[in-house]
Amino acid sequence: MSRVAQLDSIALDKELYGQFWSEFNAAFNTSEHKEEWELALNTVVFMCATRFLPHYGSSCTYGSALSGVVFQCRKRTLYVVTVLAGYVWKKITHIIFNGPHCGNQMMWLKLYKWVNLLYHGCDVTNFLRFLAAEGPNARAFLSPLYRAFNVHSTRLIRDGSAIASEFYSNSVFAGLEYQNRQLLWNALLELFSNTLLTKRGLLTFVKKPPRSRSTTTYKTVCPRCGGFPTNPYQIACCRANYCYVCVVKALEWSMCDACGSSGRLTASPVY
């Protein structure tokens, strides 16, 4: 079965729990006994999902039902690995890091770090085995905790045949369609930026109105930067003096800042 669907089921559950918790936390003061409040809320969400969703002989969460994935285990086992285990780990972490830093506490802290490192190593190994699992009889475990409790995920079966969640399929196709539109839009923007929106292509259609300064002013003031012309060049259309850098820009854009002329401009050094 699709490995992406199994991973998406976990991501959907985390997003659901996080959304409910953020709304609950904004409405009520949960500064005291925060972990217990979160456990109670996640338990209610889990019970509602497992009670009212169709199971077809298996256990499933809200996210797994949307992605067409079920778990071959009992509901209480699925509750332990999806909800209760996270609460227990948070409480252990809270006790170890917030306890008094005595001799026993430092020993527990070292043990915690070693257990955490060992779990992450097992998690990497389990993920590689999860990706390599093939065949209809292969068991896929989403984490070492799932493997320890023998909670493996399979495809949702109805009437003897595997079915795909319509919501999940539509979500995947909608995501692909959105990415295709983004690629097309980026290609159009790149086309415009390389053709119509270039300085030469755009400024040929835009003519600046003539400046009100007199010709004598442009002999001592660069019409582009407003400073004294450094290494001056005189443009042929109105004989205004430009700085060298400014006249290069004016010739590149084919637009005179002094008189608004456009087209094939030329300039020559004053001295």
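Each residue, glycine too, has its Cβ placed from N, Cα and C.
Here's what Swiss-Prot has on this protein:
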- CYS222, CYS225, CYS243, CYS246: Zn(2+) 1 binding site (BINDING)
- 30-33: topological domain 'Cytoplasmic' (TOPO_DOM)
- 98-101: topological domain 'Cytoplasmic' (TOPO_DOM)
- 198-271: topological domain 'Cytoplasmic' (TOPO_DOM)
- 3-29: transmembrane segment (TRANSMEM)
- 34-60: transmembrane segment (TRANSMEM)
- 78-97: transmembrane segment (TRANSMEM)
- 102-133: transmembrane segment (TRANSMEM)
- 176-197: transmembrane segment (TRANSMEM)
- 222-259: zinc finger (ZN_FING)
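Take the CB of CYS246 (Zn(2+) 1 binding site) and look out to 10 A: across all protein chains shown you find 22 other CB atoms. When secondary structure is read from DSSP and collapsed to three states, CYS246 (Zn(2+) 1 binding site) falls in the helix class.
According to DSSP, the topological domain 'Cytoplasmic' (30-33) comprises 0 helix, 0 strand, 4 coil.
If you look at the topological domain 'Cytoplasmic' (30-33), the same-chain residues 6 or more away from its ends with a CB under 8 A from one of its CBs are 24. Every protein chain considered, the tally of other Cβ atoms within 10 Å of the Cβ of CYS243 (Zn(2+) 1 binding site) stands at 20. In the predicted model, the topological domain 'Cytoplasmic' (30-33) has a mean pLDDT of 84.
Within its own chain, the transmembrane segment (102-133) has Cβ neighbours under 8 Å at 3, 6, 92-93, 96, 139-144, 147, counting only residues six or more beyond its boundaries. DSSP assignment over the zinc finger (222-259) gives 10 helix, 6 strand, 22 coil.
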